[in-house]
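In what follows, a single structure is set out as structure tokens and then discussed.
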């Protein structure tokens, strides 16, 4: 009986902790959602208006079609994030397969060197990268922001995919070789299908990083290649802050990432649990 009560108490405590974490996580999002459907007057009303009596969609309309339109910057973010994700995964996946399955002299040292580049704080490389991008004539262009994103995401993707490929039994590779398969055939026909959930998981993380990144986008872009995070940050400048427009733009910023995670959540779970049980 005592053991049952102790277990029940632990369950209740865990439930309370999870509830607190949920409230702390959801509360800012809920405030942002409510603020996005308020007018400027309702935002500064005294006493504060929590639930607007008549929600307005004018903020979203202004962001998508009006003078405050942020649609071009949303498109820029999508193009940059998707391009970065595709290029990173195309480069990282075969490299990771080579590190995990092929006996290459010095591969361990090369693998560590690739990972060590990710340990450097991005801000430490900001000025050199800015000078290089400007010298190449890529300032305020999509390639000028995509290249740094690839450089900082590639080590992470290679590292993660190497771990996933190493979880595949070596007997599979040996059997494929005995059947006359080359390393390329083994990679495309056996390796990729087996780690597909993990590949999608890593791609999602790369996409979300590129989608939310602000520092490099703020320094390396002007008007033409500006991304949505930079456009949102501009609302905090000036004398008067349009909180309702900032909230609506933030909701637009969140939606694509949430959709990607919701639609591909089963791959995320499968990918993150792959290799959890040690063989």
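Heads up, the Cβ atoms here are built off N, Cα and C, so glycines get one too.
Database features (TrEMBL):
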TRANSMEM  12-34  transmembrane segment
TRANSMEM  73-100  transmembrane segment
DOMAIN    74-264  domain 'ABC transmembrane type-1'
TRANSMEM  112-133  transmembrane segment
TRANSMEM  145-165  transmembrane segment
TRANSMEM  186-211  transmembrane segment
TRANSMEM  245-264  transmembrane segment
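Long-range contacts of the transmembrane segment (245-264) within the same chain, counting only residues at least 6 positions beyond its ends with a Cβ under 8 Å from a Cβ of the stretch, are 29, 31-33, 35-37, 59-60, 62-63, 68, 70, 74, 77-78, 200, 204, 207-208, 211-212, 228-229, 231-232, 235-236. Same-chain neighbours of the transmembrane segment (145-165): 80, 83-84, 87-89, 91-93, 95-97, 99-101, 111, 114-115, 117-118, 122, 129, 133, 138, 191, 195, 198-199, 202, 205-206, 209-210, 213, 216-217, 220-221, 225, 227, 271, 274-275, counting only residues six or more beyond its ends whose CB sits under 8 Å from a CB of the stretch. Recorded stretches compared: 12-34, 112-133, 186-211; the one with the most Cβ pairs under 8 Å to the transmembrane segment (73-100) is 186-211. Residues 50-52, 247, 250-251, 254 of the same chain, all 6+ positions outside the transmembrane segment (12-34), place their C-beta atoms under 8 angstroms from a C-beta of that stretch.
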